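According to TrEMBL:
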type     : residues                                              : note
BINDING  : Gln25, His126, Asn170, Tyr299, Trp405, Glu412, Trp413 : substrate binding site
ACT_SITE : Glu171                                                : active site, proton donor
ACT_SITE : Glu359                                                : active site, nucleophile
Amino acid sequence: MIDPKTLASRFPGDFSFGVATAAFQIEGASKADGRKASIWDAFCNMPGRVYSRHNGDVACDHYNRLEEDLDLIKDMGVEAYRFSIAWPRIIPDGTGPVNEAGLDFYDRLVDGCKTRGIKTFATLYHWDLPLLLAGDGGWTARSTAYAFQRYAKTVMARLGDRLDSVATFNEPWCIVWLSHLYGIHAPGERNMQAALHAMHYMNLAHGLGVEAIRAEAPKVPAGLVLNAMPVIPGSQSKADIAAGERAHQFHNGAFFDPVFKGEYPSEFVEALGDRMPIIEDGDMNIINQKLDWWGLNYYTPLRVADDPAKSGDFPWTAEAPRASDVKTDIGWEVYSPGLKHIVEDLYRRYELPECYITENGACYNMDVVDGEVDDQPRLDYYSDHLAVVADLIKDGYPMRGYFAWSLMDNFEWAEGYKMRFGLVHVDYDTQVRTVKKSGKWYRELASQFPAGNHKAS
């Protein structure tokens with residue numbers, strides 16, 4: 001563990017420290033004030049999809065505890081709050097009438113942040129697609145991209161004058177592969193062709209969303225949040241190195257290449273292009289619009305080896321052994337050098353704007369004992385990864401901020417409430433919030449900023 005004041009001295013004074021959440025994971029109030037079901041509401045009700053059939057009906061009850069939670073964020077000493085806006089609250093059917101009550105809630109959220117001096121980093125889509133759109137194909141349908149554009153225009157017309165930054169999407173990899181190929185997230189499909197359609201139409205929706213943001217609120221910096229994976233070959237053999245490049249194209253390039261180069265990766269297209277949708281004239285220009293910033297969500301590396309049998313679909317890789325047995329309670333390898341690896345690799349491959357670490361954190365499930373939560377492993381995880389961010393700044397990379405995932409324990413998608421990522425513990429029976437040891441450490445670090453007397457060293 002690094003002393004927070006010592007660590008603070010390694011960051012420039014204008015570096016933004018924040019905390020992050022997402023609407024479906026914390027809000028609850030799933031039927032309140034005109035909200036209708038999302039694909040995740042339906043997914044939670046399907047047997048075998050979510051741990052113990054947990055759902056987001058109540059979650060952290062943030063919808064009804066907004067002021068209390070905004071006070072908590074203020075007390076955490078952070079400068080910025082990253083949150084998502086629930087499409088099913090704003091346009092409950094996905095298309096059709098706008099729900100004023102939904103917009104009113106986010107008015108209160110944004111205004112509450114402003115009153116407390118907290119910068120607002122909004123994400124327009126964090127996986128909660130209105131359920132009725134799923135009946136028309138969801139992300140496998142081109143029409144959903146245009147429905148998203150209208151939703152984005154609606155949100156920005158209402159909130160754009162008070163937002164400090166906005167992202168179109170959170171983690172396209174999860175929306176595409178985890179949800180349409182691996183079947184782990186809603187809508188739970190396991191079909192490569194469906195996933196490839198979702199990939200292109202979601203990329204298109206991102207570009208249309210950027211257009212909407214700039215039409216309605218041209219002064220708000222627009223970005224995209226990507227969970228890029230540092231792909232580490234299992235050996236230095238030619239076969240494993242080639243496998244690593246294929247894995248990069250599949251897991252990272254399918255999203256970075258169209259957004260930052262205006263094309264899909266070559267080997268990827270050669271292998272899978274016959275199952276991709278028709279790319280219409282102008283699509284790639286819409287997708288490939290210059291962004292003001294991008295967000296990186298990093299948790300763990302991807303270690304791959306070549307699959308000589310080329311079983312299944314591209315990228316024809318097998319899992320390679322981990323570097324160590326150190327892992328979080330969700331089973332993810334702890335490897336802070338992976339953060340440096342992926343930032344360096346991506347800036348080598350692409351012309352990227354300034355970067356925020358929009359999610360970084362660890363799952364450890366310690367409970368409250370005598371009013372305290374001793375989550376030292378999480379504290380160590382944050383300390384090690386923030387030291388890497390400081391190293392990247394020293395090396396000249398344009399790292400502008402860091403958001404801890406997460407402000408509080410919450411609904412962890414297919415894992416339900418079993419897995420805890422929060423700096424703040426939530427008792428789901430009483431909704432009592434308890435700041436963990438890691439949260440107190442992060443508060444001491446974040447409270448040093450913004451302070452103009454720091455220079456990266």
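Positions of Cβ are set from backbone N, Cα and C atoms, glycine also.
Any TrEMBL annotation is an automated prediction that lacks curation.
Known features from TrEMBL, placed on the structure.
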residue	record	CB count, 10 Å
Gln25	substrate binding site	24
His126	substrate binding site	24
Asn170	substrate binding site	24
Glu171	active site, proton donor	23
Tyr299	substrate binding site	23
Glu359	active site, nucleophile	23
Trp405	substrate binding site	23
Glu412	substrate binding site	19
Trp413	substrate binding site	24
Subject >> Secondary structure of Glu359 (active site, nucleophile) (DSSP, helix/strand/coil) >> reply: strand
**OP:** Round to a whole number and give the Cα-to-Cα distance in Å for the pair Asn170 (substrate binding site) and Glu359 (active site, nucleophile).
**Re:** 10
**OP:** Please name which of the recorded positions listed here, Glu171, Tyr299, Glu412, is nearest in space to the residue listed as 'active site, nucleophile', Cα against Cα.
**Re:** Tyr299
**OP:** May I ask for the distance between Glu412 (substrate binding site) and the residue listed as 'active site, proton donor', taken between their Cα atoms and rounded to an integer number of Å?
**Re:** 15
Subject >> Chain-mates of Gln25, His126, Asn170, Tyr299, Trp405, Glu412, Trp413 with C-beta within 8 Å of site centroid, substrate >> reply: Ala22, Glu171, Glu359, Ser406, Asn410, Phe421
Original post:
What Cα-Cα separation, expressed in whole Å, is found between the residue listed as 'active site, proton donor' and His126 (substrate binding site)?
Top reply: 8
Original post:
What does DSSP say about Asn170 (substrate binding site): helix, strand or coil?
Top reply: strand
